[in-house]
Amino acid sequence: MLPRLSRLNPSCRRATCRPLLSSARHLYSAPPPISASRSILRRRKHTYEALDGDQSDPTEFGAYDVILPEEPYVWGVDHIESRTVPNHIRRPHYAMQPTGEEGKPEPYSGDGLIGLGSEDERRLRKAARLASEVRDYAGTLVKPGVTTNAIDSAVHEYIVKRKAYPSPLLYSGFPRSCCTSVNNIVAHGIPDDRPLQDGDIVNVDVTVYLDGFHGDTSDTFLVGDVDDTGRALVSATTDALEAGIAACKPGAPFTGIARAIHDHVLASKLPHIVCQSFTGHGIGREFHRPPWIFHTLNEEPGIMQPGHCFTIEPCLIQGSNPRIWIFPDGWTASTENCARSAQAEHMVLITEDGAEVLTR
């Protein structure tokens, strides 16, 4: 995913932070990369207390750990050692840059359409199948006491054993093989040594590069006994994704995806809002490319055509504040007010007579 805005001044309380054991970092062409150790604030108040006047929701966000960067900030992520991939595994363009240079996203050209029935489609489907397999495997690892770093390590090994490359690794300098976003982290959370706590929710976002094509998917998992508001958020996010998928077919405008998500969230009457800061994206030989898939109402041009392949990946946030801020690591995106967020993602291929989800 690609961030569209960022800030470094959250409105949630920053007191009594407990430092974690390791640092963090993240994955896309964000503002200048910055890195920081991570820490957590235990919240056990059942109603959110607005601190600077920009959040007036009386909504009960629930009881959960708030993830915050440790102060003083450590800028830059060069201190985080990247995982290694065996030399025989095919790498994407950005992972083959000289040592010490930030991996830049591969350039894209053409219309981004996959030839239906072609060898390219076969390889795309194969990458998508592996991505969904890795996502489901990651979900089996999610339990109280397990660190996200341990999940990342297991995911990394799972991918390379299947002769694939973990696409996040070295993408714009990202040092890990998947993203793990806990509680108030909207997206691009960097795996670290904080043990998952009973009651957490965690999104695991995995992308693989296999035979020249990327496969990308994510889901938000429950850790132990999650409160009702957290469960409702995760369920609503999955439903919003499905609403967006249902709007896909040849000849349909891309704006219809956001309209379907918007209408579904509105009709649910649940206290959730769609994050405005991230988009889905075209995918195939490139990790990120047009078309960009907005999840909030927009007037972007574009019509779905057979052969378009893209991700839909809405992030829902508790309450009515959709804004985010970026940690000093340059990747980790938190809700501005530290409300919880959940995300779900699938790859969709437009066919001659409809749309097919490749990452079920």
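Quick reminder: no glycine exception, Cβ is built from N, Cα and C everywhere.
Because TrEMBL annotations are produced automatically, they should be read as predictions rather than curated entries.
Positions annotated as domain 'Peptidase M24' by TrEMBL: 123-352. According to TrEMBL, the substrate binding site annotation covers HIS188, HIS288. The annotation divalent metal cation 1 binding site is assigned in TrEMBL to ASP205, ASP216, GLU345. Look at TrEMBL and you will find ASP216, HIS281, GLU313, GLU345 tagged as divalent metal cation 2 binding site.
Shown on the structure are the features that TrEMBL records.
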residue	record	DSSP class
HIS188	substrate binding site	coil
ASP205	divalent metal cation 1 binding site	strand
ASP216	divalent metal cation 1 binding site	strand
HIS281	divalent metal cation 2 binding site	strand
HIS288	substrate binding site	coil
GLU313	divalent metal cation 2 binding site	coil
GLU345	divalent metal cation 1 binding site	strand
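Across the structure, GLU345 (divalent metal cation 1 binding site) and HIS288 (substrate binding site) are spaced 14 Å apart at their Cα atoms. Here ASP216 (divalent metal cation 1 binding site) comes close to ALA131, SER167, ASP205, VAL206, THR207, ILE283, PHE287, THR311, GLU345, MET347, THR359: these same-chain residues lie at least six apart in sequence, with C-beta atoms under 8 angstroms from its C-beta. Neighbour density for ASP205 (divalent metal cation 1 binding site): within 10 A of its CB lie 25 other CB atoms from the protein chains shown. Across the structure, HIS288 (substrate binding site) and GLU313 (divalent metal cation 2 binding site) are spaced 13 Å apart at their Cα atoms. GLU313 (divalent metal cation 2 binding site) sits 13 Å from HIS188 (substrate binding site), taking the C-alpha atoms as the reference points. Across the fold, the C-alpha of HIS281 (divalent metal cation 2 binding site) and the C-alpha of HIS188 (substrate binding site) stand 15 Å from each other.
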